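**Student:** Copying in the features that TrEMBL gives for the protein in this structure:
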BINDING   43  substrate binding site
BINDING   73  heme b binding site
BINDING   74, 94, 97, 102  Ca(2+) binding site
DOMAIN    17-171  domain 'Plant heme peroxidase family profile'
């Protein structure tokens, strides 16, 4: 559940490949980050739908929001660092339009070509299949994704931290 739109400290909008959404302002940012701690918060790629629903519910997010936010995988690529024959090998999770942020992630799942169990199970499980089918519509995905990102932006908001002038760097004072 990494940030696709930058940080949430500017109450303007965010855009990714033409898909835009308004983001909430005033979120406090920490002064350091720990990649290991962040990765521990992410659902595992081996999770099934029940585990995914539970993982998102613990953060106050619905099953529908989970399926929508999973669409962010449309632009992810996985590095195969264990491959001794080619350490730069990349596998795109969306093979229809690799590198594009669009609804084709859901088309890939409908064709039973999801890379991870956690992705493919969204289409294979009756509890989420209809959501996947509906989100193949670019217009619906674009509209719903912004709403789900705002909901995720409200998860874990802290009272301590700093209001940053530049969301990508710690304030110098």
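Glycine too: its Cβ is placed from the backbone N, Cα and C atoms.
Not measured: the values here are computed from a predicted model.
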**Student:** Run through the Cβ atoms and count how many others sit within 10 Å of the one on residue 74 (Ca(2+) binding site).
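**Tutor:** Here the count is 26.
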**Student:** Using an 8 Å cut-off from the Cβ centroid of 74, 94, 97, 102, can you name the remaining same-chain residues around the Ca(2+) site, in sequence order?
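**Tutor:** Apart from 74, 94, 97, 102, the close residues are 75, 96, 98, 99, 100, 101, 103, 104, 105, 108.
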**Student:** Measure from the CA atom of residue 73 (heme b binding site) to the CA atom of residue 102 (Ca(2+) binding site) and give the result in Å, rounded to a whole number.
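**Tutor:** Given the Cα positions, residue 102 (Ca(2+) binding site) is 10 Å from residue 73 (heme b binding site).
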**Student:** With an 8 Å cut-off on Cβ-Cβ distance and a minimum sequence separation of at least 6, pull the same-chain contacts of residue 97 (Ca(2+) binding site), or say none.
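**Tutor:** Same-chain residues close to residue 97 (Ca(2+) binding site) (Cβ under 8 Å, separated by 6 or more) are 74, 104.
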**Student:** Long-range neighbours only, meaning 6 or more apart in sequence with Cβ under 8 Å: which ones does the residue listed as 'heme b binding site' have?
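**Tutor:** Non-local contacts for the residue listed as 'heme b binding site': 93, 94, 105, 119.
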**Student:** Which Cβ among the binding-site residues (94, 102) has the fewest C-beta neighbours inside 10 Å?
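**Tutor:** Taking 94, 102 as the binding-site residues, the minimal 10 Å Cβ count falls on 102.
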**Student:** What mean pLDDT does the predicted model reach across the domain 'Plant heme peroxidase family profile' (17-171)?
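**Tutor:** PLDDT averaged over the stretch: 83.
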**Student:** Tell me the Cβ neighbour count for residue 43 (substrate binding site), meaning other Cβ atoms within 10 Å of its Cβ, over all protein chains shown.
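**Tutor:** Result for residue 43 (substrate binding site): 17 neighbouring Cβ atoms inside 10 Å.
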